[in-house]
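A.B. asks: What TrEMBL shows for this protein is this:
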- 161-225: domain 'PAS' (DOMAIN)
- 429-770: domain 'PDEase' (DOMAIN)
- His505: active site, proton donor (ACT_SITE)
- His509, His545, Asp546, Asp676: Zn(2+) 1 binding site (BINDING)
- Asp546: Zn(2+) 2 binding site (BINDING)
Amino acid sequence: QASATEVQIGPMRLTQDPIQVLLIFAKEDNQSDGFWWACDRAGYRCNIARTPESALECFLDKHQEIIVIDHRNSRYFDAEDICRSIRATKPSEHTVILAVVPRTSADQEETSVLPLLNAGFDRRFMENSSVTACYNELIQIEHGEVRSQFKLRACNAVFTALDHCQEAIEITSEDHVIQYVNPAFERMMGYHKGELIGKEFIEIPKSIKNSADLSETINTSIKKGKEWQGVYYTSRKSGDSIQQHVKITPVIGHGGKIRHFVSLKRLPCTNENNKQLCKSHHDQKHTGDNSQSESHPFKCKNRRKDSVDVKSITSQSSDAPSLQTRRYPSVARIHSMTIEAPITKVINIINAAQENSPITVAEALDRVLEILRTTELYSPQLGTKDEDPHTSDLVGGLMTDGLRRLSGNEYAFSKNTNLSHSHLSVPNTISDVPPCIAQLLDNEESWDFNIFELEAVTNKRPLVYLGLKVFGRFGVSEFLNCSEATLRAWLQVIEANYHSSNAYHNSTHAADVLHATAFFLGKERVKGSLDHLDEVAALIAATIHDVDHPGRTNSFLCNAGSELAVLYNDTAVLESHHTALAFQLTAKDSKCNIFKNIDRNHYRTLRQAIIDMVLATEMTKHFEHVNKFVNSINKPMASEETSSHSEGSDCECTANIKNFPDNQTLIKRMMIKCADVANPCRPLELCIEWAGRISEEYFAQTDEEKRQGLPVVMPIFDRNTCSIPKSQISFIDYFITDMFDAWDAFAHLPVLMQHLANNYKHWKTLDELKCKSLRLPSENNN
């Protein structure tokens, strides 16, 4: 067995573990044996897979550096399909894939390697079972592509260091085209990296404060391969001129020529203590020399990060008194503004606190300011989870509105706006419901209510029947001042516009979400926090929240260039359509217009609440909604309960919530979000059925994306390779657990949390047994 190898990349010394090889051969033969013994001779760790499924599973587990696929015979499997499925995973970007092809006779024309390269292969190996030939091929790959890929992977550590460095860093080509800037540079200059990368340095606005010959002096120095340091004035995106201490280092590359320039930039020190520190370093190192080009500002220890606020620009050293004078009126106006966003107030308070804080506190507050200035305040950063392709695909597929459109294919969105259901037998009143349905509905207030039994006995029309029962229980007709016949007609129209052909997003899902919403509305703390209008809005929102859903995600519609994606500018496409269509259908016919008898003000308030809740089911803002609920509801309530623990009453808490409409909005959003994805909290049999249905819908989408040549949004949902238990575990870990912990802390839902724990254990057991199906083999037999 080979030992670890030391590899050098620049000054960085790395240790490479023994190479791992995956052989994918359907049958054992001389060729597979040749590679096996070659691996043994080279000291490589070797695995053999006989099927595409076991090959992908082994690769995702081991992350082999070299994969050898038998491409000689398509009778057993399609080698190019296997290669593509592996290339669709994140770890494969650093893997070398070798195709073993049949040997051609002397009179045959040499075939092109392009089809292999297009399929994702890196190299071609002409069939040769000689152990030495196989050994030579593997050794060449190790010392060539594998070693290069290993060095490239190490660069991630360097870029991580650059991204977290407090100095602003810019890397340009030898022609001064900007190739990289770090976050500190973006903050200092006010630009986003996308506005800079690819542009020539001369395209960035310059300050007129520099001496006329300074640029020429700098260029003369660095083109000779010498490092330049000095003070330089530049302009931020806002137009403000700022003074920087700059260090430019040429980087020698291929051919001994300068290939890059690396620039480190800092703002001058901003408080008296640091000024003295800078002065002492400057005096020790450069006594008697005041030239710009010879100063060494990087010896200065500045406890505050550059460009944290406008004040840091005005509090420059005496090198630029005119700048400070010129900027003061604008800064004064900014600080005296009466229209001020809450985040601006927070940042100003932190800035003020920094002025007299110890260095460690000030630096910690700098980090706080960095976070507050990001636009994605509520989107968590994937840690180790992003190594899991199931989680990556779920996040990518559910939390984006769509990728850039990469194909000319149009997705024809079929509109189904049926306004009547006259051929269906619907009860005139809830009392006319057939006995078998009525008996089922007697249990609808229980969380364990079986929606699939209702689906079966109603011939896939559970929404009308459950809707009549639930709406009657909550007095919806009375609130809307509409007849039960109007309500019945409305439910009928809405259900007719759900697609029964969808595996998951059909009227059974809508009925399930309605049931969960009604269950939540029955919990004491929820009931005490909301008004009757909120309850009615929540029930209507649950009913319509997926109407006319095509069984495809927002990302699919955006990639396909659908009419809806164009109409809604690739933003919350489906959720916007569900609400718009529901109100269109309602208003189209007086017979089903449940809003026709309420006054304008009530209608506007109700409509806004319904729209807000349906839009909350869109997943791109998932973490924003959850975190706002935790910070605005859970934490204050926990604090209040702690302080009044001896009283043991919820009345004061819920009364306080009612006094703040924003809090009621957060509760309604959280409620429908939890109702929409409550499948993992249902009894195990229901949970399993829902998991199968959503997986089938995602499988169908992946199939269609491949047929149409569209980007595959969630590659892991390939019906031939997907592990449903893994997908459920990832979904629960990433989306469900935290959200339901927060909702349970508010609404108190022990039954749901017990189901969630049991179901998670079920999926974990299946995953540990490497079972990709919904049930254990023993359960399937039963």
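Using the three backbone atoms N, Cα and C, a Cβ is placed for every residue, glycine included.
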A.B. asks: Between His545 (Zn(2+) 1 binding site) and the residue listed as 'active site, proton donor', what is the CA-CA distance rounded to a whole number of Å?
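C.D. replies: About 10 Å separates the two Cα atoms.
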A.B. asks: By DSSP, what is the split of the domain 'PAS' (161-225) into helix, strand and coil residues?
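C.D. replies: Looking at the domain 'PAS' (161-225) with DSSP, the answer is 28 helix, 13 strand, 24 coil.
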A.B. asks: Does His505 (active site, proton donor) have same-chain partners at least 6 apart in sequence with Cβ under 8 Å from its own Cβ, and which are they?
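C.D. replies: In sequence order, the residues whose Cβ lies under 8 Å from that of His505 (active site, proton donor) (at least 6 apart) are Tyr498, His499, Asp546, His549, Gly551, Glu697.
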A.B. asks: Near Asp546 (Zn(2+) 1 binding site), how many other Cβ atoms are within 10 Å of its Cβ?
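C.D. replies: There are 24 such Cβ atoms around Asp546 (Zn(2+) 1 binding site).
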A.B. asks: Taking every protein chain in this structure into account, which of the binding-site residues His509, His545 has the most other Cβ atoms within 10 Å of its Cβ?
C.D. replies: His545
A.B. asks: Beyond the listed site residues His509, His545, Asp546, Asp676, identify every same-chain residue whose Cβ lies within 8 Å of the center of their Cβ atoms for the Zn(2+) 1 site.
C.D. replies: His505, Ala510, Val513, Ala542, His549, Thr617
A.B. asks: My understanding is the cutoff is Cβ-Cβ under 8 Å with a sequence separation of 6 or more in the same chain; which residues meet that for Asp676 (Zn(2+) 1 binding site)?
C.D. replies: Val513, His545, Thr617
A.B. asks: On the 0 to 100 pLDDT scale, where does the domain 'PAS' (161-225) sit on average?
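C.D. replies: It averages 85.
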